[in-house]
Amino acid sequence: MGNDQSSAAAQAADAHGSDHVGFRVLGIQENSPASVVGFVSFFDFILSANGIRLDTKDSTFMELIARSEDKPMQLSVYNIKSQTTRELSLTPSRNWPGKGMLGVTIRFDSFDGVEDHLLHVLEVAKKSPADIATLEPNADYLLGTPERVFRDPEDLYDEIIDHLDQPFQCYVYNARTDQVRLVRITPHDRWGGEGYLGAEVGHGYLHRLPASVHSTVGESVGFVSISNHAKAATDYFAPPAPPAAPVPSAAPETTATEEVARPTLFAAGDAPTIPSTEEPRATTDMSAPSEVGLEEAPAARDAHTIVEPTQEVQPPTAPRVVTPPKSAAKPAYPPPVGGGIGFPISTVATYIDPTSPKASS
């Protein structure tokens, strides 16, 4: 199965003329253009748009989306579960109540060997946070959040520690129903059992998807919740919206220029806010895949400049530059209990909740 998967991935990459990379579909918003074309969260990778290969982490895709507003755009989508490529037609639009022109969060990522990174739910304790979140042992696989892909148990552990006593959304694939669903998990240690999650998770070669599910692309159910304050990356490249009718005002409106740092994906630890103004492109950071905002943030930049109205300020003699504070550092957390389990763990090991006595056995 491993050779078959590698071969299929190689064929998909070769057919589009590049490596095993593309824009991975993560969260999908309700009633968005993306919600009606059949995207499957986490399993789908967008390889090309309008015949242009998307093999570089830059703003090409965002510009294509903006230029295709209210016009059908042809996408080549590779599904890592069925290991097949299909063609989808999607019409970017701002005429819907959500964020962005597509209503989907994506991440530039590699699909080489992705099936070895799944987290297979093996056991779920009664009345635990995992049980309350409806996780099903043996059938469920934890995929990640709308902003983070779970590549190994350490990623899950980070998410748990970042959200102790706070709910977070998690995408879960169920091999019995062949569906990817969203669940809400609130990790804590007051449920009367061991650990913060109350579940044991397997990882690696022995915990791949069963062969019986490879014949379909799967199905996504449920939609991601997006902050009302979030902005879409395509706003940088979209033409300005028609101006609203003028409103009489006692004082003339003026504008101010604000400099903001490069936007990232919205969420705890990796979170949002992308201003909405057309900007010149800057140098792309090609170091490694990183999570980005709605419809993928544009290429990494030292800074973006936006022009926004302010409330009754005097016309400045020079642009007012405001530099936002650096994002808060990720909180420190204790290492997993016990010295017998390292990260990443072997293909036959089982991840155990960090506070579980089993971790030290």
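Positions of Cβ are set from backbone N, Cα and C atoms, glycine also.
Note on TrEMBL: of 129-155, 183-209, 264-290, the range annotated with the feature region 'Disordered' is 264-290. Sorting each residue of the domain 'PDZ GRASP-type' (21-111) by its DSSP state yields 12 helix, 37 strand, 42 coil. With helix defined as DSSP H, G or I and strand as E or B, the domain 'PDZ GRASP-type' (117-206) counts 17 helix, 31 strand, 42 coil.
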